[in-house]
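Taken verbatim from Swiss-Prot:
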{"type": "TOPO_DOM", "residues": "1-37", "note": "topological domain 'Extracellular'"}
{"type": "CARBOHYD", "residues": "29", "note": "N-linked glycosylation site"}
{"type": "TRANSMEM", "residues": "38-63", "note": "transmembrane segment"}
{"type": "TOPO_DOM", "residues": "64-72", "note": "topological domain 'Cytoplasmic'"}
{"type": "TRANSMEM", "residues": "73-93", "note": "transmembrane segment"}
{"type": "TOPO_DOM", "residues": "94-118", "note": "topological domain 'Extracellular'"}
{"type": "TRANSMEM", "residues": "119-140", "note": "transmembrane segment"}
{"type": "TOPO_DOM", "residues": "141-163", "note": "topological domain 'Cytoplasmic'"}
{"type": "TRANSMEM", "residues": "164-183", "note": "transmembrane segment"}
{"type": "TOPO_DOM", "residues": "184-191", "note": "topological domain 'Extracellular'"}
{"type": "TRANSMEM", "residues": "192-211", "note": "transmembrane segment"}
{"type": "TOPO_DOM", "residues": "212-240", "note": "topological domain 'Cytoplasmic'"}
{"type": "TRANSMEM", "residues": "241-266", "note": "transmembrane segment"}
{"type": "TOPO_DOM", "residues": "267-279", "note": "topological domain 'Extracellular'"}
{"type": "TRANSMEM", "residues": "280-300", "note": "transmembrane segment"}
{"type": "TOPO_DOM", "residues": "301-317", "note": "topological domain 'Cytoplasmic'"}
{"type": "LIPID", "residues": "315", "note": "S-palmitoyl cysteine"}
């Protein structure tokens, strides 16, 4: 039925190519090769999305409430929370609409479903791009605060941060509109993959350089106080562990999704790739998990923000 086809489109334009989908059916029929498909229950997916939604709403509310948090750094953190909020919210909306359509609780025309499909895809893609951009912006902000500490407040002024934020949002919306419109072109998917790799390299280079400077500074303090080297080694190990966790979480949560896009371009008809395509919802779930972890890494470690968060929660009761 036409409506059933429209319902399936809500699963996302980037899920797989038509060639890959049709070939998947042939592969199963002719070879019977087993595919490892991890099923993510809709209830679990929606629950994770709800946790992310609540967490990031609290971050946005705390930053908005406390004027002491209206600095460039917290503006970037707030925008990261807002983009993560949209990532989880758009995926929850898509899943909820699919469930309502499949159960017959929501009946509408195919054209309306198609428009909703396009809107959700643009919202999801733009919020994902924003999330990646603001992770990079936070890394740049921290880098400047360490290497240009005396000039930090003159470099990272609030108006400059606001202009950067506006540019990121506008560029993300325009780019996502083009990506969703031309999603069946290999160049578009490769652009997304290259963008992810660029953000990964940027964050790795900046944070490794910051770690090296911190270790150098700690070594200087130790030499000044004539302490033993194990303390310096312990600091270096802790810093390396923190850096590994930060970049590791980023790569593990985002990497599979962009690996999926890469395989769609290079091996849409291969049986192994077709099996990977069946786990698309797992990759989305990992991104949702990243939106849950981001506030723990970037926001809730701030004592000022935690104090404001307590005030927000107390005022809400």
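Note that Cβ sites are derived from N, Cα and C of the backbone, with glycine treated the same way.
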Contact yes or no, the transmembrane segment (119-140) and the transmembrane segment (280-300), 3+ Cβ pairs under 8 Å, gap 6+: yes
Range from 38-63, 73-93, 164-183, 192-211, 241-266 with most C-beta pairs under 8 A to the transmembrane segment (280-300): 38-63
Reported mean pLDDT - the topological domain 'Extracellular' (267-279): 86
Other C-beta atoms that fall within 10 angstroms of the C-beta of the residue listed as 'S-palmitoyl cysteine': 9
Composition by DSSP (helix, strand, coil) of residues within the topological domain 'Extracellular' (94-118): 19 helix, 0 strand, 6 coil
